[in-house]
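Positions annotated as domain 'PRMT5 TIM barrel' by TrEMBL: 39-363. For 322-354, 612-637, the entry in TrEMBL reads region 'Disordered'. Per TrEMBL, compositional bias 'Polar residues' is recorded for 329-343, 612-626. Summarising the annotation, TrEMBL assigns domain 'PRMT5 arginine-N-methyltransferase' to 372-562. Per TrEMBL, domain 'PRMT5 oligomerisation' is recorded for 565-768. According to TrEMBL, the feature compositional bias 'Low complexity' maps to 628-637. Per TrEMBL, domain 'Mono-/di-acylglycerol lipase N-terminal' is recorded for 838-887. Annotation comment: TrEMBL describes 913-1043 as domain 'Fungal lipase-type'.
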Amino acid sequence: MESYNPSEDPGPSFCIGHHEHNRLVTVTPRVIQNVHESNYDMMTVPITTSHFHSRVLGLLSSYLANLESPTYDVVGTMGTTQNTRPIVVPPLSKADSYLTPNEATSQLVGVISSWIDLCSPDPLIADLSRQVLMLEVAYAAFCGIGYLLIPGPKLHHGSLHAEGVIYYARAIQDALDLGPYIQFHIWQQMVDNPEAEVDTMGDLAPLARAEYLAPDEGAPLKVDPFGTWEAWDSIRKTCKYHTRLLVALSMPKQLPSLYVQSRWHSEPVRLLTIDGSTFLKNQKGYPVLSKAHQGLIAKMMRLRTAPWIILCGVGPIPGLENTEDPDTNKASISGSDYPSLSQAGKKHHDPTPHLSYIRNLQQRQPPRTAIERFGVGYQDYLQAPLQPLTVNLESITYEVFEKDPIKYEWYEKAICKALRDWADQKKATSHPDGKVIVAVVGAGRGPLVTRALKASADAGVEIDIWAVEKNQNAFVLLQRHNDTIWGGKVTLVQSDMRSWKGPLVSKKGASESSETQGSAMCHTHVDILVSELLGSFADNELSPECLDGVNDVINPVHGISIPASYSAHFTPVSAPKLHADVVHQTVSNPAAPETPYVVMLHAIDFLSTTGTPAGGETSNPNNVARASTPSSSFSTTEFPTPFVQTAWSFSHPNRHIPPQSAMQSTISNAHNVRQTRLAFPSQNRGVCHGLAGYFETVLYGDVELSTNPVTMDAKSASMISWFPIYFPLKTPLSVPENGEIVATMYRQTDDRKVWYEWMVEVYALEPTAATVKPTPISYAQAGSPSVENLKTKGNAKPSSRPGYRRVRVGMSDLHSSIKDDLAAMGVEIFPYIFGPNVSTTELTQFNFWVQYAAAAYYLDVYKAQVGAKILCSKGNCPLVEQADSTVFYDFSDTTITDTAGFIAVDHTNAAIVLSFRGSYSIRNWLTDVSFLFTDPDLCKGCLAELGFWSSWKLVRDDVIKQLKDAVAQNPNYEFVVVGHSLGAAVATLAAADLRGKGYPSAKLYAYASPRVANKALASYITAQGNNYRFTHTNDPVPKMPLLTMGYVHVSPEYWITSPNNATVSASDIEVIEGDVSFAGNTGTGLPLLTDFEAHIWYFVQVDAGKGDGLPFKRV
């Protein structure tokens, strides 16, 4: 693996905003500029003003002053204000909001009024609050606000607790529909602390009428660590895990337990708010955060989508006057913002010390671990295991695994130890010359072969090495390695390992003459069999079945298999993000909830945990994995250690395979069936979304590998070859406090196929006699630290503990990964391939076509004669220059839109290419920003961006005429449309139009395209197919025009996650479906705060050729 320099690790990027509880500033572009100059990235803004607040209070006061006793009908329903709605809040007026639509809107986080109470038991207050919410959401959507901060539900109303959360959730569900392009952030405290819910003057909550409030029982209310999380869980369940419903988490001065922190870490926290009161003062009087707070921030910033940090109550932004008069609000420094005489006397005066501290904290973030560096972009991303038996893996897939710094070193150690033991114990070998025969089965590109040869040299034991590989493509590389690296020492066999009869050797050995050897060859055994067939759940890539096929080849007396054994492990988890992704996939793939996925688990919460014992030993049943707490890159915040149990195991060579019956037409695989039923105690209430699976393997002796988070650090720290596996549940199960989760799992076979089945049950423990504390007791296989004196083996059923009764409170369906379209047994059952979303062939195509988009920027193309070779003066299109590609026609409208491009005929690649130029002049810029809809007459209800459509329409007739001629001369060539930036937008509309005009198979390669269509047109283009739309992390252009303007993207999105100026590999590209998805480029920061350099790096540098002396704009 390449050497790593921690100083070169850029670490997570902090996006920091400013929140003022009573902000009275009218936000203008000049204000935003001032915010940026103060080193903030964004700011919050209230949707409405104090004028609106006063108006609502006046309506309520007038109504209550004239309130009469309600009139009831026969069933008593007309007495509720829901049915009568006595107060109607009128629409907003000019004085009710300072917010106006402008280019600064994208830099703002809107804040819903904190004085409303959607949870009020008084239906009048609840309804009034709901009206306010809807008015503010509607106006925010109109102004183009993309992010809303909504105060969380008020949980305490007298002696009532959390009674109105469902009303709150229902209102949020309606708000999601009202603002279809807004991300809603529910502002939550980490714990439910009744004393923290303090009403301020003007709040609606204290105005609830007494008849709707339960009498105060006088009992002191206690802090509920999971109270606010439980409220959030009710909200998101009501809203069906909506992808635009997120959490804004407030960090208190005193952090709660690690159990609570871990729970919030698993939730979609996108805003992290820190109040000025949370900071401490250091010896010099500067604000700092405690080590615990620093650790939690570090942990949060390692999430795949790191939250934005918003500082609250830390003083005003320098240079902004907090005034309620918009006409006098100008960004200037008031007298109070200048340092005092005493401050001026100091060497340094920092007007934003809290911000400076957070920026400094950003610079001091710990470097990423090897796993974190390797897994960038893969965190909590659903994939599926490899299918090495049915799919010939590509070189890039092998290369990814070969970068593992631990796996192959450990394999080398195991082989070396096995060879030394073989020599020390003077075991007889299977080779007539006394060499130890080593065979690497499933050799791939040969890394284990290289390690075996090195182990032989280190151990001083001579070997005869064989490499068996079925992949004909990889076999070519093995042959080359044997010539150039291994010196011809390896005997190569192209075969499925299960069909291999074993090594061929001479009966008489090397001492016999060569004349007699040809007729005296025979198959012999393998002394040491080396394989790397393990999957994320140990056996899920059918290692047992594969190694059964070569079991007879292994030396029957002394034969060694590396690995010698492996076991599968799992534990229940709360994984809301993964569940939401599975739900989203279910729309197009009904089998998604019953598909095990390979996932780099990160934003999850282990529901069953065990603390590290202070000393001494505790009961530890045989199937329980327990070790020291796994290390973390956050030294100050280590979450509780998960309680992981063993499901089953396999060992090799297998001396107990039953003999094949002569009556059976197929080979029996019944000996590889497994089943288990395990109990997991759960101390805290939560939600189970699925099971997280891991494996451990003994390679040889004491050399082991592990992905189990409990044992990984001790056995194989920093190993990156495997991610865990995730078994989802169709419907999440609520887990009570001090409950128990029982998981039943099967590894099934019908002698043709292998599949998994799993189900989960949840139990509550109810005391039936006086007890000190609940203790989980299970009839399932042994298993938890809190089960005392439980020493059962296998699947024995221990007796329940007296004094407690188990009550089942939830049970999942029996999930099954078997599908109707599975092939014969011995083939991996999972339908998807782990690894890059694109193949190396596709990657080559992507890299090639973008160079045609780059060529469109250069004047050389437009100065060229028809038939001239395409050249790029800056050398940005070398692949195009190497091809036999000539200009067929070029166009440049200089009257209105300055649209330009060319048609090329590429004889090398048998293609006709229509390439559109990106922005080249100020006139282009005016075209870019028109952002008005027009009807392109392509489909019913379809609307296109006016400027982009006009650009295409002005050149369309000439282009179509020339295109017909090009096709007539080259009838069998494929037709490709390409473009970058503005050129990509025009190319998208041109391709959609041309597909309906005789070119239905036109391929579109659009790089860095802005949004060009409404939902109807985007869906129409998506349905046409052959669309390859590329984005790059932090490129601002694909985020425009804003979603709030009604624009959406064509699907799918090919999201490039690698940094600027870096070579793009297949693993750097994620394919994201959907016209509105925050998983790719759209979710990477604010539109005007991101990196314009990212806009011009798409496999190569794609820009306007600054060296040509042309007006240049990188948009």
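Note that Cβ sites are derived from N, Cα and C of the backbone, with glycine treated the same way.
Quantities reported herein were computed from a predicted structural model and do not represent experimental measurements.
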Among the ranges 39-363, 372-562, 565-768, 913-1043, the one whose Cβ pairs under 8 Å to the domain 'Mono-/di-acylglycerol lipase N-terminal' (838-887) are most numerous: 913-1043
DSSP-assigned states of the domain 'Fungal lipase-type' (913-1043) in counts, ordered helix, strand, coil: 59 helix, 27 strand, 45 coil
Model confidence over the domain 'PRMT5 arginine-N-methyltransferase' (372-562), averaged pLDDT: 86
Helix-strand-coil residue split for the domain 'Mono-/di-acylglycerol lipase N-terminal' (838-887), DSSP-based: 26 helix, 4 strand, 20 coil
